[in-house]
Amino acid sequence: MTTHVLSDTRVLTARSLTHIVRSPDTIITTAVTPIVLMLLFVYVFGGAIDTGSTESYIDYMLPGILLITIASGVAYTAYRLFLDLQGGIFQRFQSMPIARSSVLWGHVLTSLVANLVSVAIVVGVAFVMGFRTGASVGAWFAVIGILVLFTLALTWIAVIAGLSAKTVDGASAFSYPLIFLPFVSSAFVPTDSMPGPVAWFAENQPVTSIVDTTRALFAGEPVGADIWVALAWLVGIMAVAFGFAMRIYRRRAS
Amino acid sequence: MTAAAPVAAAAPAIRVRGIEKSFADVHVLRGVDLDVTQGSIFALLGSNGAGKTTLVNILSTLLKADAGAATVQGFDVAADAGDVRRSISLTGQFAAVDEVLTGRENLALVARLRHLKDPGRIADDLLARFSLSEAGDRRAATYSGGMRRRLDIAMSLIGDPPVIFLDEPTTGLDPQARIEVWQTVKALADGGTTVLLTTQYLDEAEQLADRIAILHEGVIIRSGTLAELKRLLPAAKVEYVEKQPRLEEVFLALVGDPARGGATAAEPTRKESR
C-alpha cells in the first residue's frame, strides 16, 4: 500500500494540474483581484499613505499583495477537493489499491504550483508598475521559501474546508477572513498609525512578521528576528492544519 | 483471471455474516448474511433506503461495519482492506468519472493508479470494447448518461478485478442504455467475474441475476434463485390473456434495439407517428 505513495501522488497531481491547464481562469481570477488592489493602492490611495520610509509605495505593499494572492488562490483548492468528494471519483480512488494519502497530496501539490504561477504573474505586473528590488539570489530564494510555506500552511486549511464543507459556497468561504488579514497588518500602512487595540492585533498576528520579513528581503536589508517569528507562525499553522486535515480525512475515508 | 485469490474455487467470492451498521441513531443494517458464488451475478434488491449502498460501501472498504464480518475473495474487509481493494472494483451510484478529462484520459488514469504497463493501449482497448472510440478524445462532461455509465464501468474493469460491485448501475438511464449495461454485466459474468449489483428494479434482477436477495429494513428477508423466489407464491394459474406488447418493446422497436444491433427498426417510425 505504501510502496506507491510517490508514483500515485505524481499521477494524481498530474490529473489535477490538467484541470487547471484546461480551465486557466482559476489562475487568472486568482491574479486579477490582487492586481486590481495593487493598481488601486499605488495610483489612488498610495499618494496619501505615509509609510515613514523612502522606498516607493509599490515596494512597500507588494509582500502583502502576494499574501492576498495566495489566500484567494487556496479557495480553489478547497473547491476542487469538494467537487471530487461530491462527484464520486473520491470514492472510486478510496476503493482502489492506491496509497490513500496521495489523494490529498495530489491536491496540495497542485495548489502549490497554481499559487506560485499566480504569484509570478502578480510580481510580473508589479515590475511593470515600477517595483524594484535589490534582493540577492539568496534573498529571492528566501522569499520563495516563505511564500511556499505560506501556501502550504493555507492549503492545509483549505483541505480542512474542502473535506468538511456541505456546499460549494461553504468550501471557499473560509478564504475571506484570510484575504482580509493583511489589511489589519503592516502590509499597507505602518501599524503605529492604528488605534491601540488594533495596532496590538496587527503587531501580533502572523501576517505582519511575514510581510516585514519579505519586505526586508526585497529591500536587501537584514531581516532581524522577524524571520524567526514568521517561520514559527508558518510551521505552527501548517502543523496544526495538517493534523486536523488528516484527522478529518481519516474519518471521511474509513 | 486473478493473481490474489487464496480461496478454493468452491469457496464463496463474497461472504457476509451478521453485518450491522448504524448512522447516528438510525440502524441501517441489522445483521446481514449472504454468500455470493464465484463467477455469478448476485442481485441485492431493495427499495430506497433499504441499506443496499451501505452494504456495498462496507464490502468495498469505504465504511467500517459496527458488528459482524465480511470477506471478499477470502480477505477480511476490515483487517485486509488493502488486499480487498486489489480484488475489487466499485462502480458507485453516481458515475465516478473525471468530467474535465477525456474518456481516454479517464481510463489511462485508472490504469496508471493500478500500476499497469501501457495505460494508453489499455484505454484504447476498452474504448473499442465499450463503443466509445469516437468519443475517446472528448471530455467526459460532454457524454450522455449512457456513455458516462459505460465509461464508468469500463474504468472498473481495468486490471481485471475478480469481484465487481455495481451500485444501481442503471438508475437514471434510458431503456437502450440499460440494455447495454445488462449486456456488459452478462459478458463479465461469462468471463468469470463475480458481480454483486444492487437495484430497485425488479425486472433488472429478473433479467440478470443468478441469485437474488431481498434486503428490507436492514435484513435479508429472502434469498434464492428467481425460480425459488417464485415458488414462495401460490402455484401459477393458467389464464388466457391477450398478449399485448409492453411499452418497452414498442419503444425499442421504434427507436432500434441495441440488443439486436443498431436502428434496424427505424423504418416504422414514420408510419406510427402522426
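Each residue, glycine too, has its Cβ placed from N, Cα and C.
What TrEMBL records for A:25-252 is domain 'ABC transmembrane type-2'.
As annotated by TrEMBL, transmembrane segment applies to A:27-49 (among others).
Distant neighbours of the transmembrane segment (A:61-82): 16, 19, 26-27, 30-31, 33-34, 37-38, 41-42, 46, 104, 107-108, 110-111, 114-115, 118-119, 122-123, 126, 131, 147, 150-151, 154-155, 157-159, 161-163, 165, 168, 171-172, 174-175, 178-179, 181-182, 185-188, 207, 210-211, 214-215, 218; these residues of the same chain sit at least 6 beyond its ends, with a Cβ under 8 Å from one of its Cβ atoms. Feature annotation from TrEMBL assigns transmembrane segment to A:61-82 (among others).
The transmembrane segment annotation in TrEMBL covers A:103-131 (among others).
Tertiary proximity for the transmembrane segment (A:137-161) is limited to same-chain residues at least six positions away from its ends with a CB under 8 Å from its CB atoms, namely 66-67, 70-71, 73-75, 77-78, 81, 104, 107-108, 111-112, 115-116, 119, 170-175, 178, 210, 213-214, 217-218, 220, 223, 227, 230-231, 234-235, 237-238, 241-242, 244-245, 248-249. As annotated by TrEMBL, transmembrane segment applies to A:137-161 (among others).
Look at TrEMBL and you will find A:173-191 (among others) tagged as transmembrane segment. Remote same-chain partners of the transmembrane segment (A:173-191), defined as residues 6 or more beyond its termini with a Cβ less than 8 Å from a stretch Cβ, comprise 41, 49, 51-52, 61, 63-65, 67-68, 71-72, 74-75, 78, 154, 157-158, 160-161, 198-199, 201-203, 205-208, 211-212.
When Cβ-Cβ distances below 8 Å are used as the criterion, the transmembrane segment (A:227-249) is approached by residues 101, 104, 142, 146, 149-150, 152-153, 156-157, 159-160, 163-164, 206, 209-210, 212-213 of the same chain, each at least six residues removed from its ends. Residues annotated as transmembrane segment in TrEMBL: A:227-249 (among others).
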What parts of the chain pack near the transmembrane segment (A:27-49), using Cβ distances under 8 Å and only residues at least 6 beyond its ends?
20, 57-58, 61-62, 65-66, 68-69, 72-73, 76, 114-115, 117-118, 121-122, 125-126, 129-130, 188-189
